[in-house]
Structures are given as structure tokens and as C-alpha cells.
Amino acid sequence: ESGRETPCSTRTSSVNGTDEDKISHGVPADAQLKMENDKLKIALAQSTSNVKKWETELQALRESNARLTTALQESAASIEHWKKQFSVSKDENDQLRSKIEELEEQCNEIDKERDRNAQLSRRLQDLETELQDKELELEDLRKQGEIIPQLMTECETVSQKLQAAEKRNKDLEEKVRALRTEVEESKHRQSNLKTELQTFLDVLDGKIDELQDFRQGLSKLGVDN
């Protein structure tokens with residue numbers, strides 16, 4: 001740029017009669033042209049050097065921009081991946097929450113079943129006590145029937161009572177058997193519910209560990225960013 005302005009500056013100096021013009025006054029035209037040519041070469045060399053420097057800087061900027069673009073694309077892909085992972089984990093958490101609610105309902109059913117079992121056990125004990133009392137009563141009636149054979153009328157009454165007591169005894173025995181069967185079935189259902197609950201708790205522990213790992217991954221991603 002300085003080389004291009006030099007001729008104009010020289011002409012202006014010649015018109016105004018500056019010190020430079022006075023110094024160069026009397027110099028041959030060829031020497032003057034050579035000086036101007038040397039100045040132009042120096043200016044051109046500087047310009048070429050500047051162009052190369054700018055091209056190098058431009059190339060460096062392009063490479064830096066390419067690296068930044070690649071890093072941005074990788075970061076966007078990583079964020080999208082974590083978004084998908086978060087969505088999957090959220091769906092799994094929703095499913096686990098629903099399963100927990102179902103199991104809580106089943107636990108409530110287990111508690112109710114346990115209360116029913118306790119009531120049945122108490123009822124069974126009451127019936128067994130009543131059965132023992134009836135057996136004692138029956139034994140007393142039998143003894144009375146053996147001791148007082150001459151009182152036929154009373155014997156008939158005792159016999160009727162005995163038959164009625166035996167019938168009640170059979171009814172009570174049937175009730176006791178039915179209650180025992182019901183208690184065994186209830187215990188079996190309770191055992192199955194406990195097994196299912198334990199299986200789910202094992203699965204839930206595994207999912208909780210996975211969720212903790214996922215949260216740690218998110219935290220690490222946040223720190224890296």
C-alpha cells in the first residue's frame with residue numbers, strides 16, 4: 001500500500017518543492033525510477049507477507065471453527081442421548097410407581113387377610129372349647145343314662161338330648177374342619193403374596209441402583225458442560 005502511494009507523494013513533493021524533492025533534485029531519471037521500483041518491491045513483499053499471515057490466521061480460524069462445530073454436534077448428540085435415557089427412566093419410574101401402588105394394595109389385602117385369620121383362629125378356639133364342653137356334657141348324659149335305667153321317661157329325654165348333642169357335635173366338627181381348611185387356604189394365599197412382594201422388592205432395588213447410576217451420569221454431564 002505504501003508502494004502504491006509513493007509516486008503520488010513524489011509528484012506532490014515536486015510541485016510543492018519539499019526537502020525530499022530538493023534532496024533528489026539532480027538525480028537521474030533512471031535512478032529515480034529504480035528507487036521507486038525498489039520501494040514498490042518492498043511494499044509488495046510486505047503485502048505478500050501480510051497476505052500469507054492473514055491466510056494462516058484464516059486457516060487457523062477455520063480449523064478452530066471446525067473443531068468447535070464438531071464439539072457442538074457431539075455435545076448436542078450427547079444431550080439428545082441423555083434426554084432419551086431420562087425419558088426411558090421416567091417411564092420406568094412411572095411403571096414402578098404403579099406397581100408399588102398395586103403392591104401396597106396387596107399389602108393392605110394381606111393385612112386384612114391376617115386379621116381374618118386371627119378372627120378365624122379365635123373362632124376356632126371358641127368352637128374347640130365349646131366342643132369340649134359338649135363332649136363333657138355328652139359324657140355326663142351317658143353316665144346319667146347308665147346310672148338311672150329305671151327312669152325310662154327321663155332316659156328318653158336324655159336320649160333325645162344325647163342325639164341332639166351328637167348332632168350338634170357333628171355340626172361343630174364340620175364347622176371346625178371347614179374353618180381349618182379356610183385357615184390353611186388363607187395361609188397359602190398369604191405365602192404367595194409374600195413371595196411376590198419379595199420378588200418385586202428385589203427388582204425395585206435393581207431399578208433404584210440403575211436410577212442412581214443415571215443421576216450420577218447426569219451430574220457428571222452437567223459438570224463437564
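A Cβ is built for glycine as well, from the same backbone N, Cα and C atoms used for every other residue.
Look at TrEMBL and you will find 37-196 tagged as coiled coil. Looking just at the coiled coil (37-196), the mean pLDDT is 83.
What TrEMBL lists as compositional bias 'Polar residues' is 7-17.
Among the features that TrEMBL reports, domain 'Myotonic dystrophy protein kinase coiled coil' is placed at 158-188. Sequence-remote contacts of a segment are chain residues at least 6 beyond its ends whose Cβ falls under 8 Å from one of its Cβ atoms, and for the domain 'Myotonic dystrophy protein kinase coiled coil' (158-188) they are 113, 116-117, 120-121, 123-124, 127-128, 130-131, 134-135, 137-138, 141-142, 144-145.
Residues or ranges marked as region 'Disordered' in TrEMBL: 1-25.
Using DSSP to sort the residues of the domain 'Myotonic dystrophy protein kinase coiled coil' (158-188) gives these counts of helix, strand and coil: 31 helix, 0 strand, 0 coil.
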